[in-house]
Amino acid sequence: MLVQGGPWVLSVMSLLLLLWQEVSAIKVPLDQKIQQDLKQPPTIMKQSLKDYIVDPRDNIIIECEAKGNPVPRFSWRRNGKFFNVGKDPRVTMRKRSGTLEISFRSGGRPEDYEGEYQCFASNDFGTALTNKILLRVSKSPLWPKEVLEPVVVGEGSSLVLACNPPPGLPPPHTFWMNSAMMSITQDSRVSMGLNGDLYFSNVLAKDSHTDYSCNARFLFTHTIQQKNPFTLKVQTSRKVAETPPNFLSPTGTDSSRMMVLRGQKLQLECIAAGVPTPSIKWFKKGGDLNQKVKLDNFNKTLRIDSVSEEDAGEYMCMANNQIGSIRHSIYVQVKASPYWLDKPFNLVLAPDENSRLVCRANGNPKPLIQWLVNGEPMESDSSLPNLSRSVVGDTIIFRSVQIGSSAVYQCNASNHHGYLLANAFVSILDMAPRMLGAKNQLIKVIENNRTFLDCPFFGSPLPELRWFKNGQGSGLDGGQYRVYINGSLEIKRARVEDQGTYTCVARNILGKEENQVRLEVKEPTRIVRAPEHQSAIRGTMARFDCRVKSDLTLPITVTWLKDDKPLSLGWRLKKDEDSLSIPDVNEQDEGTYTCTVKSEIDQDTASARLTVLEDASLYPSQSSALPADYPDPPMDLEVSDPEARSIRLTWIPGDDHNSPVTQFLVQFEEDRWEPGQWQNLSSYPGDLNSVILQLSPFVNYQFRVIAINSVGKSRPSRPSQRYQTSGASPDAIPSGLKGWGTKNTNMEISWEPLLDTEQNGPNLHYSVWWRRKDTGEEWNNVTTVGAKHIVHDTETYVPYEIKLQARNDFGPGPESNIIIGYSGEDKPTAPPTDLHVSKIDSTNVNVHWTPVDPNTVLGEFKEYRLYYWREGSMVKGLHVNKEKKTKGFYSTVAQPTGILTDLQPYSHYRMFMVVANSRYDGPPSNHAEFHTKEGVPDLPQFFKIVQRSPDSIHLEWDKPLEPNGILIGYTLNYQAVNGSRVGHMQMESFLPNVTAYRLRLPDQAIRYRFYLAALTEVGAGKVYTEESPHFTNEGNGSVSSVPVNQPPIKLAGLIEGAKYRLRVYSNEYHSISSNVVTFETSAAYIKDQVDIATQGWFIGLMCAIALIILILLIVCFIKRSRGGKYPVRDKKDLPLEGVDQKGEDGSFDYHCSLKSSDEDNKPLQGSQNSLDGGVKESDDSLVDYGEGGDGQFNEDGSFIGQYTVKKDKDETEGNESSEATSPVNAIYSLA
């Protein structure tokens, strides 16, 4: 509220705010005594959530904890009215707390206590408030009983099974299961929507089930309720018709709108029906989907977990399948409930001090700021003015505050979407000076070291502190003395004359307090004669010196270490006041010995290495021949002489191993940002072992040293003790500061964050200032921990002045230089006009246009962008690529012009022009058309040289892909080539329809080079060059060439199992050629295999074999039909043999003919072997086998083979063949 006086008072207050020089609030120390005596208004420490949902099965606890001195009193309001806790037996308030506990052990309904609660914590100095806590009881209502009829759909149809869960608090989580308690399988065709419904893009026969059940899980009560199951019956059909996509969700029009709050989760859904199942794709108008966007549910759901203003815009989902596609646009609007920019904080002020409370918040719409004091609205204009405070916008200004004006102020920032409430007390404190440190301290320091004498104090108003020495003279400040605001006295270099008693006196209007510190300056403890590296022959005595000089008033102790471990002296080793003796040295004595001398305030160390040698090492020749090796690591690192940004590091070099150390490398490790990571700090010459290291503030260092000689680096030394440098404000200015709009209504200010070692202190943040350039307006500023800040609601492409400053808990760093940034660009509003061309030739054209007004570019002018494409060729039947190309012209003259190059001759072109800024193209200009003139042709598509015979070469080619005009023919130039010598050029001309030529060769040993070019009226085009093969080198095969831009290449179209010769040559200088390489492609089958089926000898052999088989078969048939001839009298008693036997007369045994029969390969019927191996005569008569039983014999007694004939006859009768036509009988008759 404003004090009375109207606009005049407002102007005065604004002027005061601009000229304000506020006093920093008092920081109260954490001293226990001061905290006990400090009177402070209440501060809310703990409270329940604004939206507080409780479980009805538990007691209700509404938290309200606060601190203050005196202890706060607590009261509550319910639904804006005083809530009397004592009158309700179920409600109790905890002791020394405002937390309410509502118990239902004795009955009662939790729903009766729903409402809005607010806690008030009060003491004598003010009242603090909690947020308004909306208490609601969790609800998990039952699913309404319903009878679900079976759902009958045709195969391929879409379907939505509605879930409609009962409304719960909070809303339940829904999911679908079957009767076996298994989740319904979901995929791109079947899935659950955000509303819990189950969507089928198309139904299949396998979807027929009786147990589709929707389940609702209520989080607070941990219960799951199940809806009656759906029965789905699918009517199948022989063929399912394909259908284009249509949206099941969202429904209705082709666009929808959605509002979401900043920081909340955004979920957009598109589910489509169709056969086949459509796929879903998402787009954002004006840009790509950023990394925050996640796609869920098989791309049907777009999710952004935490929405910001940049996520607003038009999102499009597209569903498509083989039949068609459909789109839906969702316009997302991002609003914001209030969020803090500058939250007010507590102030502790001394009487008569000035200060202010600032409360700045942002939101969409912009929140309204309201101030309260002790829970009540600040006085209205009609009330008496409060001269010690005034409200100007979002700031309360306090002037000359007085005791008794302590209060708690509340800032309430609210809009349609929510509110923020912050408490900040202003405590007016008066307290006489108090000393917080120990009394009468004794400080001992080393001469020439920097020294601090501490005198912590507190008082309100802030006391003035002064130092005195020995109770005399004026205050100490200046010269080698410096007094810090915290009361410490720095003596930059302590000397003996600085010894004495120092008194610090703190004084304010309420009194004074003093303390004393006694300072003694001591001589440093130093080793004046240090041990030296030495080599000792085994069996001799070694001695290390360690002579010490120290302050006589300080007791010292001298200890020895061997290899960094305490040295056990024993009976052999002897230590006196200034040395260590090692008699009768042996190999176990070799190592590094360290002398350490300590006093109560300092110490010094020195080390040396003992090397034990054999007797032979006495010879110089051998000693000089010792090989060089890596040096040993330095030892005994010590830090001393600490300064704000430097420290002294001292070490003892290790053994150099016969190669002098040339360099020491100092490395550091810090444990805050990159623990365990050693980094190079600096390097120093090899003759130094004590250096001053330059350090960064607020880094916890430890160091190590590496020695380097001609062989290489040593192992790192053991780390030093850690040293924490004090913090400081940042030294560096963040680099890369720039401002540029990402939208037409904002400007993004970004920079490179400081490195870890540049932060110089905790809680690094950045202060950013910006204002409109050349308007004289005040700077806007914001503090952020990130590396960017977005300024919203800017005008389009407006210049801003921007500056930046890094800050930490120790204060601000230097400000950056002012840079100029620009807010976001928008689409240009005007097109170039009067686009036309001139000076058209075959490949170039001059372009002219009228420029736009610079104010219509609405951004940084980038270029005039010409879009052009080849509409067609004037060569009939030639198809062209109509791809659009662009070319930019940067011109700011009044009559701009440009040259468009690399056009295709003899073509029809169209074009238009836009003006472009850094983000957008403007509207197009008028379209212009032109035709390029005829040009020379491109290369022929191919040019092959095929060797047909030894006396001629056959050439083939094809017309160019781009004739660039009317093709009128070809020219072929050729000449003989012999190494670097070439013959007379000869020429042949051809009509455009001729694409082959045969050249007669006068000598097959001559090689020719050919030059082929196509012709138009303009002239000859590009020349295709080929060279013929040389017969003596390259055989009589065909010759092909392949243009090569860069190796390697792949040769295709080769013949399997063929030999090739390959060489690489220059297209311009054919005499420049590689060696010839011969290779052979693999065959489709094994290379050495010959197809014998086509060989003459194989055919003849097969014919001979077939003839022999035929003859054998004929002979066999003849013999079988005749039965053979043999003397019956001589052989009837002989046993039948198992092999064929031939008689002397050339006849075959009868058994042979039977054995050779294809039909019966057994002994004669009735003939069987006897036990003794003989043959039993058959009871059957051979006459039985004869025709009519009338057997016939020749004169010599041989049996005429009618049996065979008869049998053959019987067999042939089955095939309806007569004896007269039987080939066997025919042959027999000839016999």
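Heads up, the Cβ atoms here are built off N, Cα and C, so glycines get one too.
Listed in TrEMBL for this protein:
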- 1-25: signal peptide (SIGNAL)
- 42-130: domain 'Ig-like' (DOMAIN)
- 144-231: domain 'Ig-like' (DOMAIN)
- 245-333: domain 'Ig-like' (DOMAIN)
- 338-427: domain 'Ig-like' (DOMAIN)
- 433-520: domain 'Ig-like' (DOMAIN)
- 524-611: domain 'Ig-like' (DOMAIN)
- 633-728: domain 'Fibronectin type-III' (DOMAIN)
- 713-739: region 'Disordered' (REGION)
- 717-728: compositional bias 'Polar residues' (COMPBIAS)
- 733-826: domain 'Fibronectin type-III' (DOMAIN)
- 831-935: domain 'Fibronectin type-III' (DOMAIN)
- 939-1035: domain 'Fibronectin type-III' (DOMAIN)
- 1097-1118: transmembrane segment (TRANSMEM)
- 1150-1231: region 'Disordered' (REGION)
What is the number of residues in the domain 'Fibronectin type-III' (939-1035) that are helix, strand and coil, as DSSP sees it? 4 helix, 51 strand, 42 coil
With pairs 6 or more apart in sequence, are the domain 'Ig-like' (245-333) and the domain 'Ig-like' (144-231) linked by at least 3 Cβ pairs under 8 Å? yes
Averaged over the domain 'Ig-like' (42-130), what pLDDT does the prediction give? 92
Ranked first among 144-231, 338-427, 831-935 for CB pairs under 8 angstroms with the domain 'Ig-like' (433-520): 338-427
From the DSSP assignment alone, can you count helix, strand and coil residues within the domain 'Ig-like' (524-611)? 3 helix, 46 strand, 39 coil
